[in-house]
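These come from TrEMBL:
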type	residues	note
SIGNAL	1-19	signal peptide
DOMAIN	27-104	domain 'Inhibitor I9'
DOMAIN	127-599	domain 'Peptidase S8/S53'
ACT_SITE	136	active site, charge relay system
REGION	194-216	region 'Disordered'
COMPBIAS	196-211	compositional bias 'Basic and acidic residues'
ACT_SITE	210	active site, charge relay system
DOMAIN	368-453	domain 'PA'
ACT_SITE	539	active site, charge relay system
DOMAIN	656-757	domain 'Subtilisin-like protease fibronectin type-III'
């Protein structure tokens, strides 16, 4: 250790000149905890010494955060030259540039089957005392969703604080919001100065709305007569109404910086949260696990027994778009519920096209109005100031989706003198209908309807239309759930043997609490203020599952995060309420496990899963070894240098991780794939006997050995091997992917795991 210390001191005397073009940026530095020289009283002291020992720079070198639990290390503002020098020092495991992430932006309890006095709510006492750490844009504490009446005292396990500020008094915290903090050092370092506090609050107060919405979805209290402009009127409540909320503000107007995110994760672990809910993720494809701060921090949280629930992203419907796909993360896609906000576009020729809207102002006049296409009136996307008043005044304007905010398009129409708007999806969004609180009479229609309306305008001599609004409609038609077109999906582009996303949950047109700082459209032009808002995104589906995880933790406090995930996955369903396979709004046809994972969460069934697939930290290390990580890359996760023997127990294939789902890849060398699994009996019967039923994908033969599991003790574990054999002759008749399932049943419980199979193109071409 002394050698390391004197090596650092020697750097103080190395002459160095920095180029003025060597601009500083934020870096996250992963450090071996055991390398700290004994001369330093703390790791913070040691890290400060490291920073001061680096070659000088005309730009200030600044230590931002010290991390102890989610990761070991620190974040700092450095030049690229300093960062490169830092990589050479003993004990430095990795130096990664700070990245900015983006947020992934009530009827749902009933749709999920949750009701008072029975099932998961009753058996978990509504999650009383479980602490959900919501890492987001902060919280608006005065909203009725955060009242604490009827709650027991703050749990003794809570170690956090309520960070106060000029707009966030100590009274903002309560027995519901038991803690609140803000993390902005990375953000302000990026800005190279303080944030503009006239536009966003430096305190935990939410000026964006997103954090208030996600927190109230996960653990909001019961609120009667909730609605947005009378839409979705009824009782609003979070998934775990008696769980406690710890709000960690990590997201700002420019996004969510990894350095701030990791500081919040680190603090949440120290504070004693049970669940971390994170509706934030990378843009583009998911980064490698050891370059993904969310994945690394989640690994540390899982080591502390914390369930980390993350949104899959809003980059659908393209394949390989899911993010937050590390196997120790619970990855959640978005789906619809059985509630609609219909608003019909009625054309002059009598045709009616169904759409959706949350417009609440005065209706249009009773007669049909002239209808024009925005593409013929200045700009098809209805950008602000782009429309010609002489062409749209007094008319309904048909605008194409994309390019700018949907509500802003309507405002652009209004400014140009238009009276209404029909907004049409393009191919990217297909038939997915997102309701918006428009500022003028407006409705959104799907791509197919949009194409017909556009054609009507083109061929009609005097095209006209009107819009009729129908409020809130609940019922079995159209069938639900459907997967949202925006919901990011697989296959998993990092590790194709791990199926992602894990599950889907309600994420389209969700009512929940809202900030008092901005209006429901989140635009500066919107002066309306509301207690609740209806928005969509995997950001909304994630906190649903975070709340359900809290309920299961209350019911089974000794279960691991992997067991909680397993219970939610193996009890999920893949059929909608009409009995057909869940459809994809992007295509209008049947969806697949690459889109919905194990299926839609089913909370009450998850309470009694029968069997669970458990995974511990060592299993995850063996998984990392199986995908080719060496000891240096693994050290970032285990936070200490590791030798070659760290991979002695490596899995034969990543698919051998004890995951509750199966993803199989056949290539030209592998026509047979074998995976092993171990299940634990958590059902009420110690001598339960489970038998396997296989629904094999087309072109695949599957065998299970043994096909019967006979348990004889409480929490006993038994293993089986499943073999997938590609039927080469059948490949001509099938696509490059196929799907099935394996179901274990004891006559009471049904433990279902989806099977997704892919054939690489080279194999199919060779047959």
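Using the three backbone atoms N, Cα and C, a Cβ is placed for every residue, glycine included.
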For the domain 'PA' (368-453), give the DSSP counts of helix residues, strand residues and coil residues.
24 helix, 19 strand, 43 coil
Sorted by position, what residues of the same chain at least six away from residue 136 (active site, charge relay system) have a C-beta under 8 A from it?
103, 206, 210, 211, 214, 215, 247, 248, 249, 250, 251, 277, 278, 279, 280
At a 10 Å cut-off from the C-beta of residue 210 (active site, charge relay system), count the other C-beta atoms across all protein chains.
25
Per DSSP, what is the residue count of the domain 'Inhibitor I9' (27-104) in each of helix, strand and coil?
21 helix, 27 strand, 30 coil
So how many other Cβ atoms are close to residue 539 (active site, charge relay system), meaning within 10 Å of its Cβ?
30
What does DSSP give as the helix, strand and coil breakdown of the domain 'Subtilisin-like protease fibronectin type-III' (656-757)?
7 helix, 58 strand, 37 coil
How does the model score the domain 'PA' (368-453) in terms of mean pLDDT?
96
